[in-house]
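Pulled from TrEMBL:
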type	residues	note
DOMAIN	2-47	domain 'Cupin type-2'
Amino acid sequence: VVARGSGTWSLAGKEFPANLGDILYVEPWVYHGLTNTGTEPLVFVVVRYSAKGVKTPPRPDARPDEL
């Protein structure tokens, strides 16, 4: 959640504007980022949630011995 400022979201190789109040949902293991492209500090909140009893899928690049 963008709490202050503005920037650019990057998600799976694509870029999108990030403005006050915007929310970005990212699925597990998807490359993502947020860059400050504005003139003031960029403040954002990260919320991570894992449902009880639901496993996170393995990394797509995981070797069989890492699973």
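Cβ atoms are placed via backbone N, Cα and C, with glycine included.
DSSP labels the residues of the domain 'Cupin type-2' (2-47) in these numbers: 0 helix, 20 strand, 26 coil. For the domain 'Cupin type-2' (2-47), the mean pLDDT of the prediction comes to 93.
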